[in-house]
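Features of the protein shown, as given by TrEMBL:
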DOMAIN    45-294  domain 'G-protein coupled receptors family 1 profile'
TRANSMEM  30-51  transmembrane segment
TRANSMEM  63-82  transmembrane segment
TRANSMEM  102-124  transmembrane segment
TRANSMEM  144-168  transmembrane segment
TRANSMEM  201-229  transmembrane segment
TRANSMEM  241-264  transmembrane segment
TRANSMEM  276-296  transmembrane segment
Amino acid sequence: MYRPWSGANETLVREFVFLGFSSLAGLQRLLFIAFLPLYLFTLGTNAIIISTIMLDRALHTPMYFFLAVLSCSETCYTFVIVPKMLVDLLAQKKTISFLGCAIQMFTFLFLGCSHSFLLAAMGYDRYVAICNPLRYTELMGHRVCVGLVGAACACGFTIAQIITSMVFHLPFHSSNQLHHFFCDISPVLKVASHHTHLSQIVIIMLCALVLVVPLLLILVSYIHIISAIVQFPSTLGRYKAFSTCASHLIVVIIHYGCASFIYLRLKSTSSSSQDALISVSYTILTPLFNPLIYSLRNKDFRSALRRSVERTISLPQR
């Protein structure tokens, strides 16, 4: 699919070396001990969320359908990056093949871009639930929900394919040291032999498209949502409506804040160590917080989880 660039008297890059934690050589084992439980906790909570939503019919609603897809997406997203990072923290040689780097970049871009559009779909779901409650079942039927998820994945796949193709068809020789812990766009571009300003502008525009368009859709949804909520006669009704949107808003702010900081400024002057630190936040910490924000603080979900646990415990007794 992707081949290293070749030229006369040039050394081909057949693998990349990760230097993301090279400045913390003495702390890498401690980082492994810190990151491993966080990663396992993320996997466990997402597995609980997905299984609970699947098993409890009370949660077979559009909101929880999107939440299950989000949890599945985050599980896959962290699986693409974190296991390799954990292995490298204990390894002397922290390398990845040229093809492996391209596959990693494509996969995390596909999941990350799909995640952005999925958050927009969840914003639309909240808009319909609050602004058109009588038509909610009709407007957010199963086919519509599946269609929105499919559209989000299609957009993510297309953009990831374009960016990955543009990056890995650049010439790479001599330097193969990535000042990062996975194959992100900016670190890989920095070790390319040369790239045109046009290719960099196109990549920035695609990143902006992924971030700005879904964010604008979310803002439009919440303008209508807030306009509807302030007209509610009951204070309790306004509180419940705001509480159903609060979790989504928190996740949106964290996701778009971190992503905008990294991908809307692909400049050689950016700090590699700072980028790596921000990347740790959205590859390890954000997927850790999202289940807590979205589900474990939700009363309906906790009740469904309790019912699922009680049924599981009672089965062996029968």
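Glycine residues also receive a Cβ, built from the backbone N, Cα and C atoms like all the rest.
A mean pLDDT of 86 is what the model gives for the domain 'G-protein coupled receptors family 1 profile' (45-294).
Contact check: the transmembrane segment (102-124) against the transmembrane segment (241-264) gives at least three Cβ pairs closer than 8 Å, residues 6 or more apart, which meets the contact criterion. Using a cut-off of 8 Å between Cβ atoms, the transmembrane segment (276-296) and the transmembrane segment (144-168) share fewer than three residue pairs, counting only pairs 6 or more apart in sequence.
Outside the transmembrane segment (201-229), and at least 6 residues removed from its termini, the chain residues within Cβ reach (under 8 Å) are 112-113, 116-117, 119-120, 123-124, 126-127, 130-131, 155-156, 159, 162-163, 166-167, 185, 189, 238, 241-242, 245, 249, 252, 256, 259-260, 263-264, 266.
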